[in-house]
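A.B. asks: Structure provided below as structure tokens; questions to follow.
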């Protein structure tokens, strides 16, 4: 016997069905409107761009949301327990680094990084780039510009890649004037993600890989891997090269450099041929759980936002800790405080090893100098220098990566621990050399408790360095900008 619905039940079911259909209709309508708006943006662009366009302001009218959030990379209002977007003098906090970089420009100046909009400003103001008096003067090659501006691909196209690299940094001061922006990651005509720097493409080719076959999700990391990687300047032409031929690990790259007989500088105290790590962010991220699970850089550093019915990537690229509700909590259900402390716990533990390693390594350099002064021979010091080189490479590789102790905490702790082991082995080896020369006491240690004291110990004249840079910023840089404006390299305000 069939059970008939009561009248009110029928009306309720009918009304409920209508509500469901209405809500679904609204969802479909909203989706269609959103797609239509996105399509409208591309089909009715106010500014038609052909070829390479370095002036970020020209994308503002067609992509106002992305442009506005990109300008927020100029902010200096966030500090976590470790880094943020505020420039902090790292040498003042950890003066042992002055000793580790003795004989290299980083011993003069090293601060925590700021946002992309400060890229040109910060490299120009850094003591590391010196105070060149003319286009053929100065300590750095033009290769140093490579990751600082969308003007770089324009200059590479105009001059050729080899010719661009094989110049002085000051040669292009009036050409490279727009900070990291739109065309670095996007094809200016289609706005698709693209690779604008040749070094990444070349690294893939040497590994037998075709970067054009990367998936859209992979591209959300690969555009970052154009710059946030380990690299070196190869040969007299200072050709930017990624040492990935043997693999991504610290040992793989060390083997690559050793085989090539490469070093960045000879240490002023210990005479060690030192490898200076850059910032192997992409490589280390691939070794952590997020990278292994396919999470991209943009997923956490450029989370999606919705505004006016349009979903877009937040171009305020910054630490995910500044927006945990839109980054970590997209996948993890824990509270902001818990998630923040999860990150800090990993960083603190890695930094315990880092701090000890910096202390031991600084002593190893000083003790090696003492051994040379006592008459040690090159043959006697061979093993000492090899151990110092290995220890410092592991230290620098582990600390130069921004966020590495979160991206791959186990790998970073492994690397730093191996570095500490080699630093202590180096000190033991030095003591044996000294014993052969009749010295068995502790090596006297200088006072390097502050940046200023450490810089004085290694012979830097910081007053002269700062005075020269101040003059350079007041005279040369304004002239660069005036010429850039006259040549149309900067957008008119």
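Cβ coordinates come from backbone N, Cα and C, glycine included.
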A.B. asks: Kindly point out which candidate in 290, 315, 316, 365 is recorded by Swiss-Prot as part of the heme c 5 site with 328, 331, 332.
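C.D. replies: For heme c 5, Swiss-Prot names 328, 331, 332; of 290, 315, 316, 365, the listed one is 290.
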A.B. asks: Among 194, 267, 407, which residue shares the heme c 4 site with 297, 300, 301 according to Swiss-Prot?
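C.D. replies: When Swiss-Prot describes the heme c 4 site, the candidate it includes is 407.
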A.B. asks: Using Cα-Cα distances with a 10 Å cut-off, which of the binding-site residues 148, 276, 297, 315 are near residue 227 (heme c 3 binding site)?
C.D. replies: 148
A.B. asks: Apart from 290, 328, 331, 332, which residues in this chain have a Cβ no more than 8 Å from the mean position of the Cβ atoms of those residues at the heme c 5 site?
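C.D. replies: Everything else in range on the chain: 295, 300, 327, 329, 330, 339.
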A.B. asks: Over all shown protein chains, what is the count of other CB atoms within 10 A of the CB belonging to residue 315 (heme c 2 binding site)?
C.D. replies: 22
A.B. asks: Quick one: which of these binding-site residues, 147, 185, 230, 315, have their CA within 10 A of residue 301 (heme c 4 binding site)?
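C.D. replies: Near residue 301 (heme c 4 binding site) by Cα: 315.
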A.B. asks: Could you check which of the binding-site residues 148, 224, 276, 278, 407 is the closest Cα neighbour of residue 315 (heme c 2 binding site)?
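C.D. replies: In terms of Cα distance, residue 315 (heme c 2 binding site) lies closest to 224.
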A.B. asks: If H, G and I count as helix, E and B as strand, and all else as coil, what does DSSP give for residue 186 (heme c 2 binding site)?
C.D. replies: strand
A.B. asks: Can you check what DSSP calls residue 230 (Ca(2+) binding site), collapsed to helix, strand or coil?
C.D. replies: coil
